[in-house]
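Lifted from Swiss-Prot, the feature list:
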- H47: active site (ACT_SITE)
- D89: active site (ACT_SITE)
- Y27, G29, G31, D48: Ca(2+) binding site (BINDING)
- C26-C115: disulfide bond (DISULFID)
- C28-C44: disulfide bond (DISULFID)
- C43-C95: disulfide bond (DISULFID)
- C49-C122: disulfide bond (DISULFID)
- C50-C88: disulfide bond (DISULFID)
- C57-C81: disulfide bond (DISULFID)
- C75-C86: disulfide bond (DISULFID)
- H1: site 'Responsible for the weak stability and toxicity' (SITE)
- L2: site 'Putative interfacial binding surface (IBS)' (SITE)
- L3: site 'Putative interfacial binding surface (IBS)' (SITE)
- K7: site 'Putative interfacial binding surface (IBS)' (SITE)
- K10: site 'Putative interfacial binding surface (IBS)' (SITE)
- A17: site 'Putative interfacial binding surface (IBS)' (SITE)
- A22: site 'Putative interfacial binding surface (IBS)' (SITE)
- F23: site 'Putative interfacial binding surface (IBS)' (SITE)
- K60: site 'Putative interfacial binding surface (IBS)' (SITE)
- Y103: site 'Putative interfacial binding surface (IBS)' (SITE)
Amino acid sequence: HLLQFNKMIKFETRKNAIPFYAFYGCYCGWGGRGRPKDATDRCCFVHDCCYGKLAKCNTKWDIYRYSLKSGYITCGKGTWCEEQICECDRVAAECLRRSLSTYKYGYMFYPDSRCRGPSETC
């Protein structure tokens, strides 16, 4: 669920998804095209690919079980879809934390029109 993903991002990075990640680069937020701009944008690209493998699931709105304890995100038991969506979100949030040192404020509200070239394949 998008609100759960936002909480994971905040837990890992101490930044709110909106505004820091919702419009970042070419892949953070809705959709994406071209090449990822940096490590942060690549986290979002990989997250999009992860969701892409779950076409039968309601990736944006399914509510899943998870916990935020002792510095770790742990996904809980649920339906296959819930567990997979949680894992996609957990891995992405951890990736965003690892990419904090190269976060560029210039990519924060990056216009889609500047995302050119062939899109990478998952």
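Any Cβ shown, glycine's included, is placed from N, Cα and C.
Every protein chain shown contributes to the tally, and the Cβ of D89 (active site) ends up with 26 other Cβ atoms within 10 Å.
C57 (disulfide bond) counts 17 other C-beta atoms within 10 Å of its own C-beta, drawing on all protein chains shown. For the recorded positions L3, C43, C50, C75, the largest tally of other C-beta atoms within 10 A is found at C43. A22 (site 'Putative interfacial binding surface (IBS)') and C50 (disulfide bond) are 17 Å apart (CA-CA, integer value). The two recorded residues, D48 (Ca(2+) binding site) and F23 (site 'Putative interfacial binding surface (IBS)'), show a Cα separation of 14 Å.
Taking Y27, G29, G31, H47, D89 as the recorded positions under consideration, the smallest Cα distance to K10 (site 'Putative interfacial binding surface (IBS)') is found for D89. Cβ neighbour count for F23 (site 'Putative interfacial binding surface (IBS)') (all protein chains, 10 Å cutoff from its Cβ): 16. Shown in sequence order, C26, C28, W30, G32, C44, F45 are the same-chain residues outside Y27, G29, G31, D48 whose Cβ sits within 8 Å of the Cβ centre of the Ca(2+) site. Close to C88 (disulfide bond), meaning Cα to Cα within 10 A, are none of the binding-site residues out of Y27, G29, G31.
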